[in-house]
Amino acid sequence: MWIVLAVLAAILVMNVFRSSEGYKTVDTAEVVQAIQQNQVRSAEITTGDEQRIKVELKDGEKIQDSDKVQASYVDDQGAELADILQSKYQSEDDLLPDGYTVSPKSQNPFVGMLLTIIPFLLIIIVFLFLMNQMQGGGSRVMNFGKSKAKLISKDTPKTTFADVAGSDEAVEELHEIKEFLQEPGKFQAVGAKIPKGVLLYGPPGTGKTLLARAVAGEAGVPFYSISGSDFVEMFVGVGASRVRDLFEQAKANAPAIVFVDEIDAVGRHRGAGMGGGHDEREQTLNQLLVEMDGFDVKGGVILIAATNRPDILDPALLRPGRFDRQIAVDRPDLAGRLEILKVHQKGKPVAPDVDLSAVARRTPGFTGADLNNVLNEAALLAARGNAKLIDNHFLDEAIDRVVAGPQRRTRLMSDKEKLITAYHEGGHALVAAASPSSDPVHKVTILPRGRALGYTMVLPEEDKYSQSRNEMLDQLAYMLGGRAAEELVFHDPTTGAGNDIEKATSTARAMVTQYGMTERLGAIKFGSDSSEPFLGKEMGHQRDYSEEVAALVDEEVKKLIETAHNEAWEILVENRDVLDDLVLALLEKETLNKEELAEIFRPIVKRPSRPAWTGSSRRTPSSRPPVAMPAKDELGERDDVLSLEKPAPGTSGTSAGGDDAPTGGTTGGAGSAPGTTPGTPPATPPSTPPTGPAGGTDDSGTDDSGTGGGSGSFGTGGLSGSGGLSGSADGGSRGGNGADGTDGGNADGDSGNDAPKGPTGS
């Protein structure tokens, strides 16, 4: 581009210099006057395209301080100037003296034509250059159909499996892919075929792309990386052409790995568009299907793809033979979070007294990206405070910032609002502390943070992948504890409980319509999700029951809410002194930690457990207890103990193995990860697998349910823990029912009209 500009500037300078040649431009009248006054020594009139007269003045004569001047003239003036020269200087033989001429200088026609063409050539060159720049990715002009995949070379900084933590199962599966490529004979000897495709799916931030980078660093074969959106272009046919070009490059360098990030951009379910016509995205998907497993397919190319929306992918893309393996990359458990924290801790000066396991316990439901953000925020806070080490104070503040947002020190609340907020959050904390099946209260604060005026954090002692009915009932009471405290103390509730009511209603409706936890309606799933992927599936909920049943559903939801509201009220009335002490401590310190709360809650007597519930009075609970879990060192040594590695899915038939069927794997819930809690095996397995509890409303069985377990895929398996963090008005930052098969802990914000609605992590 700079060369083009330099050429243009040079031509401009040459034209200016050539046109002037040392002559000063003056008015034509001044030149005529000099001729008439006999001041001119030589003159030249040029006719044609350049109508100009140039004169040199005699010694001592100047026009505007110059003895060489020029002037332009129009057609009518040309003959007049010639007549003046001839009348003034013509000799007796009708000849002008030397140096005087009326005939123009002959000009080379080729030069004029060249000067005319050069600007157009430069315009064309600039246009082609801009077109090349618009293509990007190293492509050349008009190479729209060429693949934009990046080849990971040996010189690229490597990410290895040692840099991946918290996803041991996924690493193990991908490590096998590496062995397939490096030692194919080992697998061919037993008739095994190399998988053609591996799909990594899971929530955002769990490390799917990081795993792909680790494969690239470990494989030792050509690795092509491309995004799903790179196949899409404004020109028809470009996507399919780029798919062909990508696989041609990979096959030419086989064995090779192709990684497509965010494959849902191109692999979405076909026929999802509203309206007919030629769908460019569908043609791109068709070409991808053919390349993966079509009529003319050569081996040696493994496709790895990543997505956080596996439910909207086309079934033809997911079938065996294309994506032979589908690996779930879920949120890490406690041990996984600890390993991730250790990885991200490298290079950061952490104080010796920092316990990363405590940080891992405080962050249930966090992804690897969240944990990285926590440590980075702690490092930023330490640098801001001119500290040399990252201590527990900075880590605690970083967790709060990630969960609920930065502290709003400039938001000033009146004493009345602060008092209401303290009672609201105290109500949540007190109900949670007194409920028999609730998780421990970890922290309560009335400091404004983000858009919330305060929050209560309730965290589980260990990771949970399912929830019992009693736990959900306690959560309902806990959610309504803030509203009940406002009613009890101020006799006038505020809008601060808006998000609490929303979450409680959602949980109660799920108990009625999804989990079958009411005796009146029983274990029936009410409502069905539409499978139109252009609606995102979850958006297309359809009601497949009558108005009478809908009225019964509403009655049961109201009954659950009302019962929980009354339980919260009773707890607060019984422990009013503790509530007042808690509020005084909050007003004094503004934030109370787990130890301080435990001291305040010491007088509380937990409510008795609820009676056994089977859903019907005709089903009498068994008095026979479940079998005891064998010791860990005994597993694998006893012949009468079933393997707990991967229990077989249960059936829907009735148990024929005795009165008390063992508990199956529990799936259920609204999380997106499959239930993983294995069922408890009996000492002697029955002849027919007993019936386990229903696995929710998931797709067909790929979850690790117990001997009597339900089913599950990546549909709605794995009920998550309740709540994450929420503002009590319109929400907090991490609300809902936890996230993807991991208990996110409970947290409620305080009162305040402008608290944000937390995303439901179910």
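Heads up, the Cβ atoms here are built off N, Cα and C, so glycines get one too.
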Among D330, D333, D353, D500, which residue does TrEMBL name as a further Zn(2+) binder in the site formed by H424, H428? D500
Under 8 Å between C-beta atoms and at least six apart in sequence, can you list the same-chain neighbours of G207 (ATP binding site), or say none if there are none? V164, G166, S167, V329, T367, G368, A369
Work out, from DSSP, the number of helix, strand and coil residues along the domain 'AAA+ ATPase' (194-333). 56 helix, 29 strand, 55 coil
Could you round the CA separation between H428 (Zn(2+) binding site) and P203 (ATP binding site) to a whole angstrom and send it over? 29
Work through the recorded positions one by one (H424, E425, D500) and name whichever has its CA nearest to the CA of P203 (ATP binding site). D500
Compute the C-alpha separation of E425 (active site) from T206 (ATP binding site), stating it in Å without decimals. 32
Centre the Cβ atoms of G202, P203, P204, G205, T206, G207, K208, T209, go out 8 Å, and tell me which other residues of that chain have a Cβ in range of the ATP site. A306, N308, V329, T367, G368, A369
